[in-house]
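K.L.:
Got a structure here, written out as structure tokens. Questions coming.
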Amino acid sequence: MSIKLPLSNINSGGNSNNSSSSNSTSNNNININIGNGIPTNIEKMTFEDSETQKLNIKQQSNNNTSTSVCVSSIHSSSPISSPTSHQVNKSSGSLPPVIKRSPTTTHHHNSSGSNSSSSSSGSNNNNNQIKTSNGMNKPNPTGFLFGSKPRENSQNKIDDNKGVNLAVSTSNSSNNFHKSHSESNIININAPPVETVNMEEIYNNIPSSISMENIRENENNNNSSNNNSNNNNNNNNNNNNSNNINNVNGNKSSLASSTSSISSLSSVSTLSTSNAATNTNTNANTTSTTKTTSTVRSTSPTQFKPRVEFDENNPNAIILSRQRCKSISSPSDFRLNPPSNVHMPTSSLSTSTSTTNVNGLLLPNGVGGVSMSFTPSGLPMTPPTNSSQVDTLQMSTESITIQPSSLDSSSESVSDGLQSVSGSPVTASPSPTISNNTNATTTNNNNNTNTNNNNNNNNNQHNHHHHQHSHSQQHDVYQIKKENFPSSPTSPTLLPSETHDFSSEYSSNPGGKCAICRKPLWSFPISDKSRRCRDCSLVVHRACVPLATECPSAKKSPSKLSVPNGNQSNSSSSSSSSSSSSSSSNSSSSNTKGHSRTPSSPSVSSIPGFQLTSNASQNLHVNSHTLSLLVNGATIDSNHYKRNKKSLEAGARDFHFIFRGCGIPLDEFPLDSYVCGLYSYFAHGRLYLTESYVCFYDGFVFDRTKERTKIIKVSNIASIEKRSSGLNPSAIKIKTFDDQSFIFTHFMHREVAFDDLEGLLIHQESLHFAHSIVANNFPGMNEAIRGQTKRLLSRARLDGHYQIHSKIRCPMPSKEILLMSAIKNNNLDMVVTLLNYYCQVNSDEINSVDSKGYTPLHNAVFSECSDQIFMHLLNQKEVRVRERNMDGNTPLHYFCQKFKSPECQRIVQAMIEKGANINEQNYNGETPLHKAIFNHSVRLLMVYILLKNNANVNIVNNAGESPLHYAVRLGRLDVAKMLLAAGADPTIISLRDRKTALALAVDYDVCPEISDLLRRLDTITTSLEMYELEKFQASLVVEELQKENVVARLDEKLLDKIGCTDKEERRKFLSLKSNRLLIHHPARTQGAKIILKEMETMDIKNGKLIISETELEYTEKIGSGASGKVFKGIYRGRVVAIKVLKSADDEMTREDFLKEFGVLASLESHTIVGLYGVVLEPKICLVMEYCSNGSIYHSIRKNPPSWERFFSFVQQMLAGINALHQSTPQVLHRDIKTLNFLVNHNNKVKVADFGLSRFNTESNQETLNKTRGTSVYCAPEVFEGKEYNERSDMYSMGIVMWEIVYCVVYGCYMIPYQEYNKMFNAFQVALLVNSSKRVLRPTIPIGVPQVLKDLIYCLWDHDVSSRPTATEAMTALAVCEKEYKQNKAQWELVITKKEPTPLPRVAPLPAFPGYRQFYEQNLDIKPIPEEEQIYQEAMEKQRRNQEASANRNQKNKELLNNNN
């Protein structure tokens, strides 16, 4: 099937069997032969918008006669001979020059037809003829509509009430793509006036360099190959007896420059049709008329855009039309499946799989729609949003050949209408290359053969097109090919939907057209000639309402339109394609016309947010962050067509092309756009909204002195309002701060536009508002509040949710809540103003939360704001004080932990009155009382106000710890006393480490006073339980907290104070006072009874327990000695050390036990190992505090200490000895050595092993005079049998200090005196220690600072009175530590970590009577040189060496100076 309008007469027969065609080159008539060819998919062809010349055709029907149509005269400026007159010959008469079509269409079926057809040959005259031959046997659904609205002064006017029906039918001539029955479409031509085609401009655009001889010469080069394919087609069809014109692509005729615009189609001079039969049936009469009209020559060529569309009434029909620079959307109530393949120019095409509205050739989804835009008179067109691949359109001076063809998958192109991919604008009007088609072959039945031939021919043309591209860019060859379309997979599919709901519409857009008849909706005066569907926004003429198809709106039916892919070879995943040649050739640019500014079109890659990528198939994809418009899917919601607006990507290209160079940054993107007018009664431009600007582009300004653009800063807009009056029923007025007013009229969607504009203003005001708060700009914030208050109170949308806010990309200056920012700035005035503003606009900002769940109250605590800010927040009526953050903490939790002001009690009370739960637990189980323990500034004040408001002190967290555990861990004695006074239970065992508060205090040992306090309270609690006096526990605890030893202070007055009035209870209390030894179980054995009787007379502090063996658990043996064994065990959940002695029946054992127990029971100090109780049966046991790190002896042997550790250990040992010596009565240890100083897990040193310890009393003088202890640690007076006193303990302490110093310096341990070889006999040591001539002591390492050596010398001085006490030694040691800290480097140099050389051997001393005098008189033993003397000699030698070296250097310098 082909459609041609040749310059020469082309006659086509109506019947395929006996029709013939004759071509005469001398004939300049335009003949349109419509005969009984194969059924075609083309139903309507329309050329619109020509300015001066009109091709007016009016067809009058005759069922039995052929029809000729007269065409207007066209004058061409080309060398080709132009026709001078135009006639349409018909046997029965002439036709009027205008064909008018009715908007209503009916359908009927023709079951039969005639096989006869007539052919006519044109004579040699200057008439352009259109001959229509009637063939009834094979009716074709082909209807033609030439022309548009006639001029008012035209003499050929048509009565609007008269019309002609065009009968269009389809026959089942192919099993592949036609229905099983014939159809004919009766189209009543009675539509409003339409615009006509300026045929003169078609001729004027033919380049003068082209002649028919060149065309024929090019044609003959390929004639043979085309004839071969034609012969094959004829053999397959067996019914083609006419020499039809086939598409021939010669060397020059196949040139298709990739830079050419679709406007080159305006140079087409003729249109021909062959093998297309049309039955034109009228309603009643069959008359024929002929008329001739003359035309007026046009002085300026008009640029056109072709459009191809499918008709909604005939699925197999295509509308080919031309319009001036306007994009008309296809009807929104249907979607079409893609027929197979249509190919268009590669230079300015944009391909996609989903399109209905393309500037240029408009094809439905998947049909091969082409988007080709150009800019006549400088009016920028909408860039393509969706399109499909289209091949070249071959154009000729004699004909345009429109044939079905296969889609050439090798042809790939991308076009954006305004710009190429490289960013250069396309040429507005390139000169086409024209070819003369002399042979055309169509196929009727065999679709496969025809498709293959056309594919081969098409590939040759495509290859040659690229070959010729480099030689010339002035020639464009366009070709539209369309093969037989299978009806089943590619026919349009309409899913069920509902009926339209039309309402009257005042059409004010001159570019708007009816979705049914495609005619303009707008006319003067404005009236209600149009109707709009309330559901899908379909706009049609009032007369076209009956033709409207069913409404697919989602409001009535959720059905969606299925768009299957008609071409499986071309994958739908390819969104757009572009060949390298077409991309590179698009760099040529042309000047746009009519702009006051002429900005160059930006490339896609230069627009922020757009990205070009390529895949393996050389296809280019345009990606955008805002919207993916390259739709590959087959199911699309019909609501997509509700609003007739451009896509975001297309709008972005338009926007940047129009307003580039106008001061708008490139990162500005149009959020939305609307068709409207400025101070006008009709819509003539487009309004763009960006985040910072309101931009208007005037499409009807042709004066170069006037600007097309109007730009308003959003920040400069003072107010907006709706206007509805007179001829401006839908207007928006914008007033700026500089007293300018802009009225935008005739919005199609004014409510949406106003809503978006209002949302944009509120967003800008919010930005200014936020910037002022973040910058702590109080005046700026006040100004923003005044404007925003007025806006919010007068806004149209009360819910405050604007759709445009989801499109805005500009973030706020801070992610924080604005009120929080003001609180962080600690600006009282700003916070108060904000609170008043939020109250005025009924905002709940006071309770807003951030990403972590923090409210402004939470934030106020962390910001350390003033008390006034906090009180203003609490005084807000709607403030919620129980809001939790992501950790479950309320503002009260953080307030108790973080707040530092002494006014905290007033604020806590205010929060409690507002409803804060004082016992609220966070996700860790902590209450505000737990948090208050961590407050370092107002801890007691916080705890007091919480306890005053009845806070529960025994609530435990997830680890089972109460607030008392927290106080013990932090060592807060004052808080612990306050909690205990409020009823805190010290016996609560935690879940984490299974410890009570007392056990935790002992382990941590942060504050010894807490341990002592908890021990006393534990004793009181146990005593009251034994005597069944638990109800007085709280009163006695309070008394104990106020003053220690409440049990010892019990008297009648105190009993009255605590409320004890019962005589029996008072007797129990007095008995408790006298028996401070608390016995749980009575003794059974005689030895145990003796011990108990002796223990009752002892002065036992705070009451020690008699423990049953069943309460102990032995876990590990840790040592043994002469007096017994030591085990590690557990008592009441506490790790203890259990010293097991012999049986209580042994008298010596009882005596030693009672003395040691008496000393331990009388001592209460954190420097002494604690005693928990005793076990009397079956063996005597002492239950004492466990020290996990062992003794000092084991500690220094395992890990040699540093100087810091040395001072720490010695200070604690001296403190422990001082505690013994300061006790009443005084306790003398008598066995001081490194083994008897224990170290717990916190490296705290405690004095232990009091088996040899005695009270320094007169009754113990005999015992104290006995030699006891380890010989190397014993003082000389002990060996001589003199009285043992506290300074004897200090001698032993000097030896212990030497042991530790030796480990520090040499990094190893040595027993005292071991440096003297083979002197291990204790008697020999005692002899040398007490010798009057020689005083033997351990050797102090060389280099030890003198201040420390002096202290050691004093401690082991032979003269008892010269030795310091424990207190004096502690003071001297503090001086040594101070000097160490001041000269740390010098002290560190002493540490050598090398063991010294042994000193000379000392001869052994024999044991015989008179040995002392013998050795003193006869033994010639040289005294050992003092280490101090050796050290001084070494230092003196070093000094002399340094002085000699300095003298030598000085002499050398003097000699050098003399020589110079």
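Backbone N, Cα and C atoms are what each Cβ position is placed from, and that goes for glycine too.
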K.L.:
Zinc finger per Swiss-Prot: which of the ranges 499-551, 870-922, 1029-1081 is that?
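P.N.:
Within the set 499-551, 870-922, 1029-1081, Swiss-Prot attaches zinc finger to 499-551.
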K.L.:
Could you tell me what the rest of the chain brings near the repeat 'ANK 3' (887-920), counting residues at least six beyond its ends with Cβ under 8 Å?
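P.N.:
Counting only partners 6 or more residues beyond its ends, the repeat 'ANK 3' (887-920) has Cβ contacts under 8 Å with 853, 855, 857-858, 860-862, 864, 866-867, 870-871, 874, 879, 881, 926-929, 931-932, 934-935, 937-938, 941-942, 944-946, 949-952, 955.
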K.L.:
Which numbers of helix, strand and coil residues does DSSP report for the repeat 'ANK 2' (852-883)?
P.N.:
15 helix, 0 strand, 17 coil
K.L.:
Summarise the region 'Disordered' (1434-1460) by DSSP state, stating how many residues are helix, strand and coil.
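P.N.:
Summed over the region 'Disordered' (1434-1460), the classes give 26 helix, 0 strand, 1 coil.
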K.L.:
What is the three-state DSSP composition of the repeat 'ANK 3' (887-920), stated as helix, strand and coil residue counts?
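P.N.:
Within the repeat 'ANK 3' (887-920) the tally stands at 18 helix, 0 strand, 16 coil.
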